[in-house]
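Asker: Take a look at what TrEMBL says about it:
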type	residues	note
DOMAIN	B:179-374	domain 'ABC transmembrane type-1'
TRANSMEM	B:47-66	transmembrane segment
TRANSMEM	B:78-100	transmembrane segment
TRANSMEM	B:112-130	transmembrane segment
TRANSMEM	B:142-163	transmembrane segment
TRANSMEM	B:183-204	transmembrane segment
TRANSMEM	B:216-240	transmembrane segment
TRANSMEM	B:246-270	transmembrane segment
TRANSMEM	B:325-349	transmembrane segment
TRANSMEM	B:355-378	transmembrane segment
């Protein structure tokens, strides 16, 4: 039994250990990176920084995605209640508009209001990540079989009870799939924050572009890719039934 | 005709309330003596005085009254009011620039405040809501933004001291060039990915192995952050250009359009291939059977049945790809590909926020317009398909 459980967590653990290896790897990574950039003076992005940047990257994505989940799921629940149904078309349209706004443009527009640093990228990610969550939550809640709803009502469940005990559990796989898409896309998009002074894994990439150092770019890109794989495989573990 | 009372429209009510609060509480405009100094903010009430500011709220109050029983006639009235309010929005800035900007100071400039942007936002949401209540589609729906844009353009003459306009004045030629560069890159990448994507999708239909491999590679490409993909292409392209003279002769180098184009192409392929593939494989087998039963050959089935049925889904792919490419091209400015992104990054570098706006606003507008146009095209083709089932001769 436990053997199967270990197997199920193998993929997330593998990606996580590779990620930490890159963050903490130290000098023996140098020959590998040297191959990509033979002439540069240094190829190893300062290691102490890499770990800090990784943590900051995770923080930014966690805050933005956390807010997107609260707002997105909350809004979708509100507009599927009898009192909020009027707002359903508008919320659906707004969520799809949010995805139309290019993250760079939102980022740039947020800087005059919020200043340089971490907040503009959080706003941009929040707006960009809202659509998959709202869309999937709406689909999940609307997809609950009316007969099941009727049965719950027949058992004497009130509106709130039906939401917590029937609708949300049934819709959970679809909602989680939406959150998965949103978070994995945001992990990659968060790198853009480095252009407005947020310190995250985009910083080595920008440093690499500015200094013409491919090794730096590789380190940033690999760590972002591995982080996305870690998170994605954890979600895959949480969603075993989905094909 | 039923005598049922039209219900309260909570959406219009809520939006008008929020718009009124925004208008009265937040700064409408700010004035700065020059480009770098942050401006002093002015709310509508201290700019126009309470009586005039409240008077300006009257249409919003009228909207609240209309929303209490929003039948069809009132819905049209409300739509007209919202349109008028939207069209008049630049007027408030013109008034602000008349009263606030000292003509003695040629460097003085007017910044647009939060109340203005948010009013635009709430009014646009109201426009969307009323449009869908009235079920306006086709050219009627398209007319609304065109009317507003025309009204804005006509008022442009009075907005000389707007900071955005001053930034534009200095670099009108650069701006046009950037717009053209941006559109060329987007158009080129989307066009190339449409052709290449269709070829890949067709190849995928031939063999499941190609399908698995193709999707694995394209999914992998999509997970590389855009910033990194641009960066990673610098070195290989610089090496290739140094190696082969004909490549550098056509303008390929480590920076500039070449890596931008390749990265855009790489990102565009996944949505394009996915949609084309879905479009071609999800045609109802019954329809195909019927077409074959009518004596159509393979090529005829493809041209007359598969393709028309697949087209809306393919156009949907083009829409996703185009919107994505418009945003990504802005990032490409970091590797010297030009386009509107260069204004954003220049502005960020100089802490000149109006220059940032000059880059970001057209990008936003382009994305919204492309989204609306291609979305409308996809719906139209889909509609035609529904209107004439089995329309093939």
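Any Cβ shown, glycine's included, is placed from N, Cα and C.
TrEMBL: automatically predicted annotations, no manual curation.
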Asker: Are the transmembrane segment (B:142-163) and the transmembrane segment (B:325-349) close, by which I mean at least 3 Cβ pairs under 8 Å that are 6+ residues apart in sequence?
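Answerer: Taking Cβ pairs at least 6 residues apart, the transmembrane segment (B:325-349) and the transmembrane segment (B:142-163) are not in contact, as fewer than 3 fall under 8 Å.
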Asker: Quick one: find which recorded stretch in B:47-66, B:78-100, B:112-130, B:216-240, B:355-378 has the most Cβ pairs under 8 Å with the transmembrane segment (B:325-349).
Answerer: B:355-378
Asker: For the transmembrane segment (B:216-240), could you work out the same-chain residues 6 or more beyond its ends whose Cβ comes under 8 Å from its Cβ atoms?
Answerer: 247, 252-255, 258-260, 262-263, 266-267, 269-270, 273-274, 328, 331-332, 334-335
Asker: Under an 8 Å Cβ to Cβ limit, what residues of the same chain, 6 or more beyond the ends of the transmembrane segment (B:47-66), are close to it?
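Answerer: Residues 12-13, 16-17, 19-20, 23-24, 28-29, 74, 77-78, 81-82, 84-85, 92, 95-96, 99-100, 126 contact the transmembrane segment (B:47-66) from elsewhere in the chain.
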